[in-house]
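Features reported for this protein in TrEMBL:
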TRANSMEM  21-41  transmembrane segment
TRANSMEM  47-66  transmembrane segment
TRANSMEM  87-108  transmembrane segment
TRANSMEM  120-140  transmembrane segment
TRANSMEM  152-173  transmembrane segment
TRANSMEM  179-203  transmembrane segment
TRANSMEM  224-246  transmembrane segment
TRANSMEM  252-276  transmembrane segment
TRANSMEM  333-355  transmembrane segment
TRANSMEM  362-382  transmembrane segment
TRANSMEM  388-410  transmembrane segment
TRANSMEM  441-463  transmembrane segment
Amino acid sequence: MSNYFKIAKKALTNKVLHYIFSRYATYFIQFINSIIIAIYLGPYYLGIWGFIRLVIQYVEQINLGIAHSVNAIISIEKKHQWYTSKVIGTSLSMLIALSLLVVLFFVGDEVFELNIGKKYNFSLYSPAVIVIGILAYFNTLFSNVFRVYGRVIEIAINQSAFPVFMLVAILLFRKENLLWALVGANVLAFLLCFLMFLWRAPISFKPLFIRRLIKTIQIKGWHLFIYNTSFYLIIITTKSFISGFYTVEEFGYFTFAYSLANVVLLLLQSFSFLIFPKLINRMASTTGEMIDGLLGNLRGIYITSSHLLVHLGIVFMPFFVLLFPQYDEAINVFRLTALTVVLYSNAFGYSGLLIAKRKERFLGYLAIFALGLNVSFVWMLASVLHLPFNFVILGTMVANLVYIFLLGLFGRKTLNFRVGVIIVLKDVYPIRLFIPYFLTLAMIILGVSNVWFFTSIFIFLMLNYKILIQVKHTIRKVINNPDFINV
């Protein structure tokens with residue numbers, strides 16, 4: 001009994017667990033938000049909300065890689081505070097210039113009547129979207145700086161503010177009024193977090209203009225921008241095709257399904273967010289054999305946990321939809337989207353490895369290739385074959401499978417490990433994970449009864465029993481030692 005008391009006491013004083021528990025609470029709120037918003041907005045207004053969020057995502061991704069570049073630089077140069085302060089100050093000036101370009105773009109949309117999102121009445125919401133996008137640039141940069149300095153409380157507040165404000169809006173408004181309230185909640189949450197970051201800054205946040213550093217940040221940032229933007233545009237372009245080729249209501253169903261599928265994996269993403277700077281630092285100064293051990297342990301735990309969560313989500317999704325029969329059409333698109341989104345976890349570690357080894361340019365080319373594949377596949381499914389909207393995501397699934405295979409292939413080459421089709425496939429797509437994965441995919445396509453999906457979970461648990469025991473031990477280590485993951 002005393003042993004459990006000690007574990008509980010350590011958990012209560014562990015800053016890593018404070019952050020993760022706060023993220024868990026936030027993700028629970030996001031999950032509740034996704035369901036209640038879907039009910040109160042209905043498929044039509046949910047489709048409009050999904051399009052607003054889609055445009056915001058486009059604006060956020062056109063960030064020129066500035067925040068990512070700063071994160072990579074100061075993760076390595078953290079000890080040289082005079083240098084990191086100049087890097088941060090220069091990046092702020094670059095973001096101010098980028099923000100002006102965003103404003104000019106939306107002004108041009110109005111002046112030249114480009115009519116972005118006409119069927120979604122987007123012009124009504126574009127001023128708020130401009131503010132949200134610009135604040136997102138600065139908050140992303142500040143958040144990256146804060147995590148390098150281990151300031152997890154501010155990061156947790158930044159990540160939790162919008163979901164909490166959304167919940168308040170949901171309690172007070174309905175239908176179109178709720179739509180406007182959600183947009184307002186987004187603006188207010190981002191603005192308050194922006195002010196919080198300025199108030200709690202661990203280092204000077206004063207804009208500077210240093211030409212040499214602008215070049216340094218942009219050279220590194222450009223390749224990271226190409227990589228990150230192309231990578232995230234894979235799912236964003238899929239959303240764009242669905243929003244363009246299908247009805248507002250069908251895009252609403254997809255928005256509902258994608259929101260739930262994404263929430264399933266957000267808890268693990270918070271863990272990867274915390275360890276990324278330290279992972280980059282370790283990989284930059286560690287030999288191939290040690291990196292192999294580090295990658296093997298982290299990837300085994302992270303990927304297995306991700307796949308388990310998705311299989312559980314697929315099994316229990318129909319029970320949620322019983323409560324919301326108007327979203328019955330979202331069941332299969334949720335399942336296919338969850339199987340697509342979980343593939344991102346299979347890339348865990350290798351992208352960080354290539355960044356640490358200064359292979360950002362190659363990562364960018366690889367992401368552009370995957371984006372091109374995705375656009376081609378999704379366009380063919382939506383425009384040529386005219387498949388139902390819930391099967392369009394299969395194009396993204398195939399593009400992700402190819403991308404992750406190539407990422408693993410070149411990651412192993414970077415470490416001078418043996419490569420070959422079979423070797424790489426076993427590494428990035430372990431048989432213990434992909435037997436239940438493809439079994440679930442086949443059952444979705446064949447349209448079997450919901451009860452059959454329990455088969456996949458049973459097989460998954462049998463094949464991954466030893467890894468799941470390792471996951472349990474890792475959780476205990478994090479509780480007992482806050483520095484285990486070196487935040």
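Cβ coordinates are placed from backbone N, Cα and C, and glycine is handled just like the others.
Note that TrEMBL annotation is computational and uncurated.
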Exercise for review: Count, for each of 21-41, 87-108, 179-203, 388-410, 441-463, the Cβ pairs lying under 8 Å from the transmembrane segment (47-66), and report the range with the highest count.
Suggested key: 87-108
Practice item. Tally Cβ pairs under 8 Å between the transmembrane segment (152-173) and each listed stretch (21-41, 87-108, 388-410), then give the stretch with the top tally. Key: 21-41
Point to revise | Tertiary contacts of the transmembrane segment (388-410) (same chain, 6+ residues out, Cβ under 8 Å) | key: 234-235, 238, 241-242, 245-246, 250-251, 253-254, 257, 329-330, 332-333, 336-337, 339-340, 343-344, 346-347, 350-351, 354, 359, 362, 366-367, 369-371, 373-374, 376-382, 419, 424-425, 427-429
Review point. Any residues 6+ beyond the ends of the transmembrane segment (87-108) with a Cβ under 8 Å from its own?
Key: 59, 62-64, 66-67, 69-70, 73-74, 77, 114, 126-127, 129-130, 133-134, 137-138, 141, 145, 203-210, 213-214, 216-218
